[in-house]
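The block underneath contains the structure these notes are about, expressed in structure tokens.
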């Protein structure tokens with residue numbers, strides 16, 4: 001009976017399997033990350049620090065890559081998926097499935113964290129869910145720029161942070177160079193995200209991922225924070241969507257320009273008589 005149920009539930013479509021893999025991987029990434037932010041904010045610094053948030057996102061990335069890597073490649077980032085489509089590494093036909101999977105995983109993670117910390121949220125804010133102010137809580141779920149940061153600097157921060165993310169991913173997976181040992185890629189990707197958070201989190205909260213920022217922002221608009229989640233920070237919401245896409249393309253270009261173009265396998269060639277060239281050392 002159990003075998004029949006398993007057989008009935010088995011999905012044959014590779015596209016649907018990739019959608020589900022991206023959804024689970026994204027959920028793991030976000031539920032660890034957002035819950036750590038909630039603990040730090042709602043615990044008023046007594047249940048975690050800035051480091052704990054970065055560690056949690058790194059752990060979430062590692063688990064998400066392990067969960068989805070063998071099925072979808074574990075993009076877990078709309079900017080990476082779009083970049084793969086532009087470069088021809090992924091069919092444009094698969095783009096909607098990847099984005100829907102990432103959106104669902106991120107949105108459900110935000111709803112899960114909201115449910116877990118519902119009582120703490122209302123105790124912290126006295127029942128007033130706000131985007132700005134001394135008891136603001138919207139930043140638990142989505143990123144907002146620091147008040148002192150100019151718009152160009154904030155955009156540039158997201159661009160550079162995402163470019164570094166892609167340079168790091170390319171380096172980790174570059175088989176023609178010093179690629180990571182098999183089985184360590186997920187861990188190193190998590191450490192890479194941890195490093196970006198430690199160095200680039202102050203200005204904008206390092207969204208570096210439209211799938212990390214937009215779905216939880218939509219959830220907060222629905223759950224009680226209202227439309228201000230889109231108007232705050234001079235309509236900041238579109239920057240974590242566009243800057244990571246541009247940064248992702250920039251990161252791939254940087255790696256290609258500085259490493260990949262010049263590190264292709266040398267073609268085999270013979271001597272003037274057509275015999276193989278013998279190398280000696």
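From the backbone N, Cα and C atoms, a Cβ is placed for every residue, glycine too.
Copied over from TrEMBL, here are the features:
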type	residues	note
TRANSMEM	20-41	transmembrane segment
TRANSMEM	53-76	transmembrane segment
TRANSMEM	97-118	transmembrane segment
TRANSMEM	153-173	transmembrane segment
TRANSMEM	185-208	transmembrane segment
TRANSMEM	235-254	transmembrane segment
Hey, which bits of the same chain come close to the transmembrane segment (153-173), Cβ under 8 Å, at least six residues off its ends?
-> 79-80, 83, 145, 179-180, 185, 188-189, 192-193, 196, 200, 203-204, 206-209, 236, 239-240, 243-244, 246-248, 250-252, 254-255, 259-260
Distant-in-sequence neighbours of the transmembrane segment (235-254), which means Cβ under 8 A and at least six residues beyond its ends | 77-80, 82-83, 86-87, 142-145, 154-155, 158-167, 169-170, 204, 207-210, 212-214, 217, 229
